[in-house]
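To keep things clear, I will list the structure first and then write my remarks on it.
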Amino acid sequence: MNFFPWLTIIVVLPISAGSLIFLFPHRGNKVIRWYTICICLMDLLLTTYAFCYHFELDDPLMQLTENYKWINYFYFYWRFGIDGLSIGPILLTGFITTLATLAAQPVTRESKLFHFLMLAMYSGQIGSFSSRDILLFFIMWEVELIPVYLLLSMWGGKKRLYSATKFILYTAGSSVFLLMGVLGIGLYGSNEPAFHFETSANQSYPLALEIIFYIGFLIAFAVKSPIIPLHTWLPDTHGEAHYSTCMLLAGILLKMGAYGLVRINMELLPHAHSIFSPGLMILGAIQIIYAASTSLGQRNLKKRIAYSSVSHMGFLIIGIGSISDTGLNGAILQIISHGFIGAALFFLAGTGYDRIRLLYLDEMGGMAIPLPKIFTVFSILSMASLALPGMSGFVAELIIFFGIITSQKYLLMTKILITFVTAIGMILTPIYSLSMLRQMFYGYTLFNTPNSYFFDSGPRELFISISILIPVIGIGIYPDFIFSLSVDKVEAILSNFL
């Protein structure tokens, strides 16, 4: 038993150290920025240290557990713990947040508040990935919304207030369903509320009630990891947000919804999940094709990338719905893989925007000649996004395909149909990725303009791109690293279904 409160420190450090930013005397942005980056790095190093030395890989149970009474009056506990499912997302959060803080160099207006919000977001994300108490999960889920709203409405594009309002309406509206589900599970069947994940996992509900809970949680998580038809906030939000915020949105925020689906809907409500999973598979297949074909029609570069990430989340939903070892492992790998790729694509779109101040694809063209480095990295990451073999996206999608085919739950005809539909989606992905590359980098549009001298990407931007590129290629070549984290946990989750 490990008595040092690792997770509490990891969760509380960013937001408490971030609140000290307001005490800084002078208005220098540089100090504030480096202070924030150092805090992010410290947190990432602490997390890595705790995982390397205090975490056993082959144990599917909760580890690094902490359990403190917080508010005695209504049985409210401060419970943290991690297992194979939450390690990947927590490390991804630390990594992407550090890089996003480094990417936020162009932000000079109200920089104290900006960096504080980045750190507050960091705390909320890690808190929701590592909480062992459903009510604490809900609170962390909410802590995470307010910074995003402010980051959107203060540092966004022209239509920022519209998209921020849309974001908060969707996510706060879905949180009502989440809260109802949380309270329902906590208060059911006992005299005193029991919000502990372990007690809820062993609890059995009447089927009708379990289906009601399931629908509530499903709506909440479907807004967050956008499942059509609840995805319409995402393209607006991504189209308007500053690109460092976009990195956090695409890299981590969308993954929280998928994590919740596995953590709550699969673990706590297995009977309802086995009823709903064919619907999830069909939704995922429709979403892959729908979002890929919508992405093709977008003029706005950021919106095109946003729809591509909606399309990739379809694979994840299919993996969760397949109820097979391989499918769920593939979904967890897709969480990590798309977290890197989505963040990198938004970062590169933002650096391009910093240079030429254009967001519409039909006004761009010929960027490859003045900006060769950006062109190279963007091409490589677009290939990763369209699942080129040797990149992480390929492994994840391939394993999800295996998961559909090996699933025990479905008839052969269903499996063939779903595989066929997702394969069409995989053909549509290169079409929009490559047409995006062609419209941005080839042709002569920008080359003819006077003052056509642009700075190519500097060392900071190259560093960020390459730091994201290394894990993408690394996971693509050796995906066993991620599987070794999650494989025992996945078996433990699926044992409820057999």
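Cβ atoms are placed via backbone N, Cα and C, with glycine included.
Straight from TrEMBL, the features:
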type	residues	note
DOMAIN	131-417	domain 'NADH:quinone oxidoreductase/Mrp antiporter transmembrane'
TRANSMEM	6-25	transmembrane segment
TRANSMEM	32-56	transmembrane segment
TRANSMEM	76-101	transmembrane segment
TRANSMEM	113-129	transmembrane segment
TRANSMEM	135-155	transmembrane segment
TRANSMEM	243-262	transmembrane segment
TRANSMEM	274-293	transmembrane segment
TRANSMEM	305-324	transmembrane segment
TRANSMEM	330-353	transmembrane segment
TRANSMEM	374-404	transmembrane segment
TRANSMEM	410-432	transmembrane segment
TRANSMEM	462-479	transmembrane segment
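Through the fold, the transmembrane segment (462-479) approaches residues 95, 99, 102-103, 333, 336-337, 340-341, 343-344, 347-348, 373, 377, 380-381, 384, 389-396, 399 of its own chain, all at least 6 residues removed from its boundaries and within a Cβ separation under 8 Å.
Below 8 A, the CB atoms of the transmembrane segment (6-25) and the transmembrane segment (113-129) form 3+ pairs separated by six or more positions in the chain. For the transmembrane segment (374-404), same-chain residues at least 6 beyond its ends with a Cβ under 8 Å from one of its own Cβ atoms are 281, 308, 312, 315-316, 318-319, 322, 324-331, 333-334, 336-338, 340-342, 344-345, 348, 351-352, 355, 367-368, 410, 415, 418-419, 422, 426, 429-430, 433-434, 436-437, 440-441, 456-457, 461-462, 465-466, 468-469, 471-477, 479. As a quick check, the transmembrane segment (330-353) and the transmembrane segment (243-262) clear the bar of 3 or more Cβ pairs under 8 A, pairs 6 or more apart, so the two touch.
For the transmembrane segment (305-324), the partner stretch with the most Cβ pairs below 8 Å, chosen from 32-56, 113-129, 243-262, is 243-262.
Packing against the transmembrane segment (113-129) from elsewhere in the chain are residues 10-15, 17-19, 21-22, 32-33, 35-36, 39-40, 43, 47, 82, 86, 89-90, 93-94, 97, 100-101, 104, 107, 136-137, 139-144, 146-148, 150-151, 154-155, 244, 248, 252-253, 256, 259: each is 6 or more residues past its ends and has a CB under 8 Å from a CB in it.
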